[in-house]
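Worksheet: one structure, shown below.
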Amino acid sequence: MSSTVTVEKSPSMIRRVYTNSWFQILLISFICFCCPGMYNALSGLGGSGQVDPTVAANATVALLSATAGTALFIVGPIFERVGPRVCLLLGGWTYALYSGSLLNFNHTKNGAFVIASGALLGVGASFLWVSQGAIMTTYVPESQKGRAIAVFWIIFNLGGGVGSLASFGLNFHSKTGTVSDATYIALLVIMLVGWVLGLLICTPSAVRVKGIRTIAGEKPNWRQTARLALRTMSDWRVICMLPLFFSANVFYSYQQNEVNGMNFNIRTRSLNGSLYWIAQMLGGLIMGCLLDMPWLTRRWRAVAGWVTLFVTGMVVWGGGYKFQLTAILVGAYKTFQATGGAMAWRINALKKTAMTQFAMDWGLCIGSLLIAIPTVWAITSTNVGEEDVIAEDEVKEDVKQPLP
């Protein structure tokens, strides 16, 4: 009587590397480098590289509205059924479509196509980011999640930095205010590469964490998934985080379209965009290390992360307030300058005599200099702290006022 012994073959070196959790983290990081990273490079230019940011702004509204409407109750349940690979393939191509629509807009001014592409990108982004979130939170052990987040944010934001630097080089001599066709084509090709990389993403059941194969549980049905989503959203801890979720991207429109798009040319907009995303790489590294500090409990790591965000946020927005004060003064100058110019051209159009116009110009130019004498004499050795002193005086005056 003979017996047969079955010996299970150990996986090959290539498969061990492929199914390693950190390889998958790096893979999803490079996918996001290519797709949303290049999208960030575009949006960071202000108006997605266009002179008039209106169409890009409307496309972004469509994008975010589509994401908000699909991420939780549509894409989430689909992800539970088909897994990350299919979701990445469903969503990744929409990034290239959006870049292509901007290339088309450069020649046809077809804003409707850009906005429709933005809406499709919103759905595609839901598929990509739901997959990314699931991979980041389930493919690595708890003790390594902070480092995984740091690695992801460094590589992902490197995409925005590299894309912006590429735009800086391709548009170095541009004077048109819009990026060149070559910029859109280069970003489109990189986005397509990221879409194809989605084929290499492993299913959760195949991923090995520290040599232990994860076991796939039973997939919930649609009703169970909906109940789980509602239970999660009704948790008081999640409810307290909802305003933070809401505020996570609200500043991009101001920083990219108003500050970068309106105050710089296409070359410096590209350089600013690169520095912006490189700074986010540094921030991701710091926060990742902070959230993995072994000598702190999870609660105190969360507290340390919150304090860091609060302090740096106040520094950033405080610096932005200083910029806005300067912008108000510049805006006042441009307003009165334009008003004076309009008046002068209107007088010229009314065929007033040359002597009348000469006398008006002489009187206004020299008279305004005389009126400015008090301001000249009020100049101090430095302007540091002047606004702070004014604000402090206003606070003191408010304190003196009796309460109603």
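Numbers run from 1 along the shown chain.
Each Cβ is built from the backbone N, Cα and C atoms, and glycine gets one as well.
According to TrEMBL, the features are:
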type	residues	note
TRANSMEM	21-39	transmembrane segment
TRANSMEM	59-79	transmembrane segment
TRANSMEM	86-105	transmembrane segment
TRANSMEM	111-130	transmembrane segment
TRANSMEM	150-170	transmembrane segment
TRANSMEM	182-203	transmembrane segment
TRANSMEM	236-254	transmembrane segment
TRANSMEM	274-291	transmembrane segment
TRANSMEM	303-321	transmembrane segment
TRANSMEM	327-347	transmembrane segment
TRANSMEM	359-379	transmembrane segment
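With respect to Cβ pairs under 8 Å, the transmembrane segment (86-105) is most closely packed against 111-130, considering the stretches 59-79, 111-130, 150-170, 274-291, 303-321. Remote same-chain residues near the transmembrane segment (303-321) are listed as 259, 283, 286-287, 290-291, 293, 296 (criterion: CB distance under 8 Å, separation of at least six residues from the stretch ends). When Cβ distances are compared across the two stretches, the transmembrane segment (21-39) makes contact with the transmembrane segment (182-203), since 3 or more pairs at least 6 residues apart fall below 8 angstroms. Among residues of the same chain six or more beyond the transmembrane segment (111-130), those with a C-beta under 8 A of the stretch's C-beta atoms are 31-32, 35-36, 39, 55-56, 58-67, 69-71, 74-76, 78-79, 87-88, 90-95, 97-98, 100-102, 104-105. If you look at the transmembrane segment (359-379), the same-chain residues 6 or more away from its ends with a CB under 8 A from one of its CBs are 340, 344, 347. Stretch with the largest number of CB pairs closer than 8 A to the transmembrane segment (274-291), among 59-79, 150-170, 182-203, 236-254: 150-170.
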